[in-house]
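Trainee: One structure coming up, written as structure tokens, with questions to follow.
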Amino acid sequence: MPPTMVEHNGLDMCLNKYCHSSSSSSSSEQDKKIFSKLKLSLSGDYPRKNAEILSGQYGTNLLLIGLALMLAISHHGPSVKEEHLLSFVTCLMILQLIWMMWYILVRERQKNTRTEKDVHATTCWIRGGLTLLALLSLIMDAFRIGYYVGYQSCVSAVLGVYPVIHATHTIAQVHFLWFHIKDVIKSFETFERFGVIHAVFTNLLLWCNGVMSEAEHFLNNHKRRLSALGYGNLTIVHSEPHCNCTTSTCSMFSSSLFYLYPFNVEYHIFVSAMLFVMWKNIGRTIDLSSNRKRLATKTQGLTVGPILGLLALASTIGILVVYVTHVEESLKMRQSAISMFYIYGIVMLVFMCSAGASGLIIYRADHVPLDTSKNPSRQLDTELLFGSSIGSWLMSWCSIVAVLGADSSPPYRWTNLIYSLLIVLEKYIQNLFVVESLYRKQEDGEREDPELPASPEIFSVTSSLAPPYNGIINRAYVSPDRTCSTMENEQEESGQVYRCPRKPSEVPLNVGNKVKEPTNIKRQILKNIAVFLIMCNISLWILPAFGCRPQYDNGLEQETFGFSIWTTVLNFAIPLNLFYRMHSVASLFEVFRRV
């Protein structure tokens, strides 16, 4: 009994002191397996599933911090000033510059390894347009530096540092867009997601800052007009420094800035959209069958569309000049200018609705199925079209409610109603036309890649398996070149074209009889429609961008909703409408290339 008691007490002591028994060793092995699985999931699946959400939340909070500063500045209180916002944005731009330099250096070290490209991410003409907008932004930065030099004795040094950093940021970002925006990132994915999303929201915050400055400028001009008409309870904020300018060009610099703001605003919003596509492409597996370059766009048969578009653009310039000069004059002249604008807008929108509806009818008559393959760039284009339409639709429906419920009856009351209804209808039809064009599959007769063989019966890599065509066998692809031709096709599908030397055909083909492609009337009509809509959208962007905003001046909406509510609606809707018009130009040009 004693020995057994000792053994039992020893066992109890062992259990009480958590000795390693066989069961405890098995549980420890299970714990090790659980930890190894957790470690594997954290190092493997975790970044793919959650890094996108983490980086998205990071960027959203950056934007919200900037918006909080902007709201505090708009109150014009003593605690938060413009220098604080500019300091915050300058730090964000410096961080983006560091990330872009790091990315370029890493890609330079990996230049021997092939980087996958998304050929749909952007085009040369979009990058060229962004380069032009960037040049205008650099001119605006030069004006800001000149303005700071004139008032440097009484303004913060941040007002001088900000344009210098912004100019450096613009130059580096344009270089990045030209050479790296199509990259599909497969290394350092989690870190790169944060870098790209930081760039996206930095540009979005710069866009918001430009929109706020532009809206404040137009609001002060509107208050001055109302004060001249007898409304004395409006407070006009004077943003000029409290000292004399040391040069004679300060007033020129400050007034010229607001003519360049629309270009700077469009530059930043387009860059943020392109970088967002790059962010969506991180870690993506490219579908090689749909990642091919297209043929050069043919411009034959373009007559009616460009002529009507140039007429619309010329009439727009005339309307802008007349409106801006007459809206500041007497009540009668202002009413005639507003009526003229609405009549012009009604004519323009009727033609645009007719053109878009004609294009939709042509598309629906063909019964071509839609392309459902994954394309982040095309999906973003569609979402931005619908999202940016909300601002103009809100403004139009507010105008409709104001016209129907207003007590006063100015001469432009019912033209305002028709114009607002047509705005809603035009955007509805144009969005359908663009989406229908971008999502249609290419016809069988259309070759997207000019290097791919056009007829497998005549030009075949495996010529031994192909039957002769009328007794003629083309021996351009003999066995020594099979590997080269196969590699060439694979490289072309990934967006990179390499040439391989090929042997001349032993049997010369008859090149004297060239096959002329038959004229496609439907295609020519669609091209003319796309060009006409491009010019019309440019026209409708020019008017509000350079001061033609009858929503501030007609008084109907302000009578119904009040000054503060209506100006809030306009500050939200007009920037979205400007972006919608410029984005429609880009989307319609892509439609023109695809037709």
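Cβ coordinates come from backbone N, Cα and C, glycine included.
As the structure is a computational prediction, the values presented were derived from the model and not from experiment.
Okay, these came from TrEMBL:
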type	residues	note
TRANSMEM	58-78	transmembrane segment
TRANSMEM	84-105	transmembrane segment
TRANSMEM	125-147	transmembrane segment
TRANSMEM	159-179	transmembrane segment
TRANSMEM	191-212	transmembrane segment
TRANSMEM	258-279	transmembrane segment
TRANSMEM	300-321	transmembrane segment
TRANSMEM	341-363	transmembrane segment
TRANSMEM	384-405	transmembrane segment
TRANSMEM	417-439	transmembrane segment
TRANSMEM	525-543	transmembrane segment
TRANSMEM	563-580	transmembrane segment
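Please go over these features one by one and say how buried each is and what sits next to it.
Mentor: Non-local neighbours of the transmembrane segment (125-147) in the same chain are 159-160, 162-164, 166-167, 170-171, 173-174, 177-178, 181, 247, 249-250, 253-254, 256-257, 260-261, 263-264, 266-267, 270-271, 274, 586, 589; each lies 6+ residues outside the stretch with a CB under 8 Å from one of its CB atoms.
Cβ atoms under 8 Å from those of the transmembrane segment (258-279) belong to residues 55, 118, 121-122, 126, 130, 133-134, 136-137, 139-140, 143, 170, 173, 177, 181-183, 185, 193, 196-197, 199-201, 203-204, 206-207, 210-211, 213-214, 217, 376-377, 380, 384, 545-546, 575, 578-579, 582-583, 586 of the same chain, restricted to positions at least 6 beyond its ends.
Among residues of the same chain six or more beyond the transmembrane segment (417-439), those with a C-beta under 8 A of the stretch's C-beta atoms are 342, 345-346, 349-350, 352-353, 356-357, 359-360, 363, 370-372, 378, 381-382, 385-386, 389, 392-393, 396-397, 399-400, 403-404, 526, 529-530, 533, 580, 584, 587-588, 590-591, 594-595.
Beyond the transmembrane segment (525-543), the same-chain residues lying 6 or more positions past its ends with a Cβ under 8 Å from any Cβ of the stretch are 299, 301-306, 308-310, 312-313, 315-317, 319-320, 323, 341, 348, 351-352, 355-356, 358-359, 362-363, 430, 433, 437, 578, 581-582, 584-585, 588-589, 591-592, 595.
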Trainee: List, by number or range, the same-chain residues at least 6 past the transmembrane segment (58-78) whose CB is under 8 A from its CB atoms?
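Mentor: Residues 84-85, 88-89, 92, 194, 197-198, 200-202, 204-205, 208-209, 212, 216, 237 contact the transmembrane segment (58-78) from elsewhere in the chain.
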Trainee: Hey, which bits of the same chain come close to the transmembrane segment (563-580), Cβ under 8 Å, at least six residues off its ends?
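Mentor: Result: 211, 214-215, 219, 222, 234, 262, 265-266, 269, 384-385, 387-392, 394-395, 398, 427, 541, 544-545, 549, 551-552, 557.
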Trainee: Which residues of the chain, 6 or more past the ends of the transmembrane segment (191-212), have a CB below 8 A from one of its CBs?
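Mentor: Result: 51-52, 54-56, 58-60, 62-63, 66-67, 70, 73-74, 85, 89, 92-93, 95-96, 99-100, 102-103, 166, 173, 185, 261, 264-265, 268-269, 271-272, 275-276, 278-279, 282, 571, 575.
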Trainee: Among 159-179, 300-321, 384-405, point out the range having the most Cβ pairs under 8 angstroms from the transmembrane segment (341-363).
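Mentor: Between the stretches 159-179, 300-321, 384-405, 300-321 has the largest tally.
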Trainee: Let me spell it out: take the transmembrane segment (159-179), skip the flanking residues so only those 6+ beyond its ends count, and list any with a Cβ under 8 Å from a Cβ in it.
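Mentor: Same-chain residues near the transmembrane segment (159-179) but 6 or more away: 82-83, 86, 89-90, 93-94, 96-97, 100-101, 103-104, 122, 127, 130-131, 134, 137-138, 141-142, 144-145, 147-149, 152, 199, 203, 206, 267, 271, 274.
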Trainee: Take the transmembrane segment (384-405) and find every residue of the same chain, 6 or more past its ends, with a Cβ under 8 Å from one of its Cβ atoms.
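Mentor: Tertiary neighbours of the transmembrane segment (384-405) are 273, 413-414, 416-417, 419-421, 423-424, 427, 431, 434-435, 551, 556-557, 559-561, 566, 569-570, 572-577, 579-580, 583-584, 587.
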